[in-house]
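Q: Let me begin by handing over the structure; questions about it come next.
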Amino acid sequence: MKPFQRILLTNDDGIDAPGLKVAEAIAAELAEEVWVVAPEHDQSGVGQSISLHSPLRVYHHGERRYAVSGTPADCVLFAMAEWLEETPPDLVLSGVNCGANLSDSVMYSGTVGAVLAAAHLGLPGVALSQAFLDRDAIDYTPVSELAAELIRQLWERHAGDCCWNINFPDLPPAEIKGNRITRQVPGSIRRARLMAGRDGRNLSYHWLSFERDPDSIDHPQSDVVALRDGRVSVMPLRPSRCDDDLADALWEKGEW
């Protein structure tokens, strides 16, 4: 018996991304009904942003399959408002992202942003990402073979508790050493970098990038170390960015 009646599936790489097809197969293993509502184009790096300054356009791509001219969070919100308000999904699944979402990258990830948007609506979510060493030869076999069973286990133990950011190492499934509960440890991004250029009209433009140093992270609970050790990183997330411990301490001290 499948653990879910209905899954809403989205991503940040776009409706035509190879990872979305992988996620559709995973969702089909888990749910009787799968809705796909994904961005029309690549929306990597948009985090949890929504479109406030442009209208959303929707394109039908088959039965229960739509592309939205917006962000991953837009897709979740649009699907809930337009089709699923009366019959909400049991799970929002986001991915499979082309590349890992680890450390500092988590806050920028549209893949993760989608499940955080779902959490704000009271919906559990899982973000799936596949690490790679060679962008021209990405192997989705690890997530394809291992994700469905991992999600089943999470649901049996923690149904509806929170949302999850799951990253799979770039290893053959037989060489993966299991799963590890991890936490987000910052430090992989050292500084921002700009690459300047000029377009055909001689107007200047800049590409934004980061100088990264993930090898500097050695915290044993970090997601980076988990993948380095050949394990699947399973990180629980929460939508609130509040530092609850500090807020409680300041409240008790009567500050302001």
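Backbone N, Cα and C define each Cβ position, glycine as well.
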Q: Besides ASP12, ASP13, ASN97, which of SER44, SER49, SER51, SER69 does TrEMBL list for that divalent metal cation site?
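A: Answer, per TrEMBL (divalent metal cation site with ASP12, ASP13, ASN97), from SER44, SER49, SER51, SER69: SER44.
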Q: Other than ASP12, ASP13, SER44, ASN97, which residues of the same chain sit close to divalent metal cation? List them in sequence order, counting a residue when its Cβ is within 8 Å of the Cβ centroid of the site.
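A: Once ASP12, ASP13, SER44, ASN97 are set aside, the remaining close residues are ASN11, GLY14, ALA17, GLY19, ASP42, GLN43, PRO72, GLY95, CYS98, GLY99, SER109, GLY110, THR111.
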Q: I want to verify one value. Collapsing DSSP to three states, which class is ASN97 (divalent metal cation binding site)?
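A: The three-state answer is strand.
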Q: Which chain-mates of SER44 (divalent metal cation binding site) that are at least 6 residues away have a CB under 8 A from its CB, listed by sequence?
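A: Once residues fewer than 6 apart are set aside, SER44 (divalent metal cation binding site) is near ASP12, ASP13, SER109, GLY110.
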Q: Pick out which of the binding-site residues ASP12, ASP13 has the most other Cβ atoms within 10 Å of its own Cβ.
A: ASP12
